[in-house]
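In what follows, a single structure is set out as structure tokens and then discussed.
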Amino acid sequence: MGNLSVKFGSVEFKNPVIMASGTFGFGKEYNEIYDIQKLGGISSKGLTLNKKPGNNGMRVHETSSGMMNSVGLENPGVQGFIDYELPFFSKLDLVRIANVGGGTLEDYLLGVQMLNDKPIDIIELNISCPNVKAGGMAFGIKNEVAREVVREVRNITKLPLVIKLSPNAEDIVGMAKVCEEEGADGVSLVNTFKAMAIDIKNRRPVFENVYAGLSGPAIKPIALRMVHEVCKNVNIPVMGMGGITKATDAIEFIMAGATCIQVGTANFINPRIGIEIIDGINEFMDREGIKSLDEIRGII
């Protein structure tokens, strides 16, 4: 059996398979189905400074090869996470990632500060959140806006910092370079693509917010290309994601240069997918005589 362990900066993962934020809660429900401590890591449900009820109306809509969501970051807030979810989350024998979002720069800073002394291994900063002081445009669209967020957060935390990039950014490679320049320990990509669906019977958008995030197999080829481009242009490690539903998808992302991979939408299709991907990577390595993932990472 090959060695699945990977080093992401200063953090060691037992294997490269991470459950993506917003698709795995804080792990409790899935732990009733299988031993989630076999996973490499879990990225928590997206946390905001204050508790959020989420969006009204339709939140999830199935597409031909994936799904759209407009959940609206429903979450217990950072303090709620610390009080009610962290006692379970912190005891897991895997890499514990806190995904943090915000509506203002101050929200990001206060949220991360509250987690600084908590048993968290990585902060994953979600810069796809709308900036309420800039007309709702996401922080992760323009490089210089993202630069300020990354710089300020980097200045107030010593925890490993990973920036989750939006595929809707004006220049995703440039965005990754900005994150590296401002001291991020890594980047994760891609988040969901801005998309739309229309209810033709009622002649209105399916979602109250009109647009929603597209994920699932439909986005994989584009996500893979973006991960490959970023990996070729930065010297910090990358967590690759976007449409991964099986072990061969994960292996493609690793061959494109990703150190780790994240699995999101596939959790809704098959709640055991994380374990199946780990087993599939193991089988591939045995079949191909691969001793370490370093042998195939970034070979494309």
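The backbone N, Cα and C atoms fix where each Cβ goes, and this holds for glycine too.
The substrate site recorded in Swiss-Prot includes ASN69, SER70, VAL71, GLY72, LEU73, ASN126, ASN191, THR192, and the single candidate from LYS45, LYS91, LYS142 that the record places there is LYS45. Cross-referencing SER10, SER21, SER292 with the FMN binding residues that Swiss-Prot gives (LYS45, GLY46, ASN99, ASN126, LYS164, VAL190, GLY216, GLY242, GLY243, GLY264, THR265) picks out SER21. When each of the binding-site residues SER70, ASN126, THR192 is scored by how many other Cβ atoms sit within 10 Å of its Cβ, SER70 comes out lowest.
When the Cα atoms are compared, SER21 (FMN binding site) and CYS129 (active site, nucleophile) turn out to be 14 Å apart. One way to see the shell of the substrate site is to take the Cβ centroid of LYS45, ASN69, SER70, VAL71, GLY72, LEU73, ASN126, ASN191, THR192; the remaining same-chain residues with a Cβ within 8 Å of it are GLY22, GLY46, GLY213.
Taking Cβ-Cβ distances under 8 Å and a sequence gap of 6 or more within the same chain, the neighbours of GLY72 (substrate binding site) are LYS52, PRO53, GLY54, ASN55, ARG59, ASN209. The Cβ neighbour count for SER21 (FMN binding site), using a 10 Å radius and every protein chain shown, is 28.
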